[in-house]
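Visitor: Just passing along the structure, written as structure tokens.
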């Protein structure tokens with residue numbers, strides 16, 4: 001680990017040696033801040049996006065939910081591309097800077113596109129029930145979606161780089177810094193939860209009550225401040241020699257070494273045996289990665305469930321009585337309920353670490369209390385319970401809606417929905433954190449970033465599946481003059497049926513997930529565990 005920098009944007013290493021030592025908490029705090037700013041910017045858009053699409057933009061509920069899911073899916077899948085760019089070309093530091101600039105540009109264009117939302121720029125027509133329906137013009141739609149997907153592309157550079165760059169500031173081979181690195185991840189996660197919680201509460205109010213121009217502009221200003229703070233810390237950062245060290249550099253290095261060994265083999269001599277050995281080692285790692293597919297596939301439904309709070313949950317909340325009290329005129333923004341996800345995650349993490357793990361450790365004898373796969377499975381099971389609660393609450397809402405005046409708020413308090421958000425936050429502590437740990441742990445050292453990218457792809461593919469399900473169910477339930485489950489008037493729709501369907505699919509998914517478990521220990525989920533294998537490189541040939 002070099003204390004100086006080899007990044008082309010920074011002074012040469014000789015100059016770095018004359019400065020105080022780099023890295024450590026001084027550097028990490030700058031990096032944590034830029035991630036907090038990025039999460040504020042992302043959730044400032046995503047948490048209330050469905051309200052914008054079904055409001056000023058004029059989309060139907062089903063189309064808006066599908067569009068949000070598709071965008072979220074792209075934002076979760078594009079980090080694979082961002083990692084490739086960072087590791088093979090720009091490096092982490094410059095990728096973060098370039099992504100931040102693109103983020104600010106995208107958010108600025110989003111704020112500008114929202115100013116087009118006027119009756120003159122919209123195309124209005126009468127619906128079958130006599131209502132006036134206004135949709136945005138084709139020009140506005142194109143401008144908006146280009147701006148929106150610029151934000152998704154910008155996130156692709158942040159996701160694979162910022163957390164890894166922050167961890168780079170601590171030397172894992174130094175006992176003191178290794179301990180600090182573990183603490184860094186705790187503070188990192190706390191910062192993300194706090195940022196998401198504040199953003200959902202504050203920005204949803206600004207967007208619903210002040211204006212969408214400011215609602216999209218404030219995240220852009222926060223992102224600009226984050227970039228400035230990140231740049232201020234430049235001379236304190238620690239850079240690895242030799243460029244990127246992420247997932248794609250590890251894959252690229254393996255392929256390059258294999259090609260070199262082939263050339264050596266073609267030259268004759270004893271190279272043939274070397275070629276065969278190195279090619280066999282690479283093949284083992286690739287086959288080992290393929291073994292992760294059953295777990296990855298059975299986690300996809302969790303990605304579908306993860307897509308519901310910022311979409312259908314928010315639309316559901318918008319129909320309720322959102323006053324703080326019977327005599328209060330202040331109304332809670334529907335998207336603000338997402339703050340309960342972060343509010344529940346923080347105490348659940350503490351309970352998990354200080355209550356559940358010690359108790360489970362005494363019962364199972366496992367150092368971590370429960371294994372990684374058991375943790376993921378528990379989270380998926382909690383999601384099934386959450387969806388049942390959501391379905392029951394929606395049934396209660398539909399029952400109350402029968403007595404409501406058309407167009408008026410349903411005579412049912414917003415707080416009825418809090419339990420499903422709290423349960424979802426608790427499920428995240430098990431499923432999401434468990435997936436991060438599992439996919440990071442089960443890949444070779446050179447491919448750790450790829451392991452985290454696999455976890456992100458669960459959320460991305462899950463969002464795409466959610467978009468497909470909503471669109472398909474909307475078409476089927478509208479057939480022959482029927483009423484869509486996602487009707488624009490949710491009091492005529494049936495979100496409860498959709499939640500029950502997802503709950504049933506989750507139970508089936510949990511059964512499929514358990515068939516991949518071959519033992520109590522997480523590593524015993526794979527056939528090679530009986531040989532005492534701890535890394536893919538140690539996998540015996542006769543096991544593969």
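Going from the start of the chain as shown, residues are counted 1 onward.
The backbone N, Cα and C atoms fix where each Cβ goes, glycine too.
Those TrEMBL annotations? Automatic predictions, nothing curated.
Worth saying up front: this structure is predicted, and the values here are computed from it rather than measured.
The annotation transmembrane segment is assigned in TrEMBL to 187-206, 212-232, 292-312, 332-352, 373-393, 452-477, 497-513.
For each feature listed, report its degree of burial, its nearest neighbours and the pertinent distances within the displayed model.
Guide: Outside the transmembrane segment (212-232) by six or more residues, the chain places 30-31, 33-34, 36-38, 40-42, 44-45, 48, 52, 56, 96-97, 100-101, 103-104, 107-108, 110-112, 114-115, 117, 199, 203, 206 with a CB less than 8 A from a CB of the stretch.
If one looks beyond the transmembrane segment (292-312) by at least 6 residues along the same chain, the residues whose Cβ comes under 8 Å of a Cβ in the stretch are 46-50, 64-65, 68-69, 72, 335, 338, 341, 373, 376, 379-380, 383, 386-387, 390, 421, 424, 431-432, 435, 438-439, 442-443, 454, 457-463, 465-467, 469, 486, 495, 498, 502, 505-506, 509, 512-513, 516, 525.
For the transmembrane segment (332-352), the residues of the chain that approach it from at least six positions outside its boundaries are 43, 47-48, 51, 189-190, 193-194, 196-198, 200-201, 204-205, 207-209, 309-310, 313-315, 317-318, 322-324, 414, 417-418, 421-426, 428-430, 433, judged by C-beta separation under 8 angstroms.
Here the transmembrane segment (373-393) has long-range neighbours at 295, 299, 301-302, 305, 308, 313, 416-417, 419-420, 423-424, 426-435, 437-438, 496, 499-500, 502-503, 506-507, 509-510, 513-514, 516-517, 520, 522, 525, meaning same-chain residues at least 6 beyond its ends whose C-beta is under 8 angstroms from one of its own.
Outside the transmembrane segment (452-477) by six or more residues, the chain places 62-63, 65-67, 69-70, 72-77, 79-80, 83, 159-160, 247, 292, 296, 299-308, 311, 435-436, 438-440, 483-486, 494, 498 with a CB less than 8 A from a CB of the stretch.
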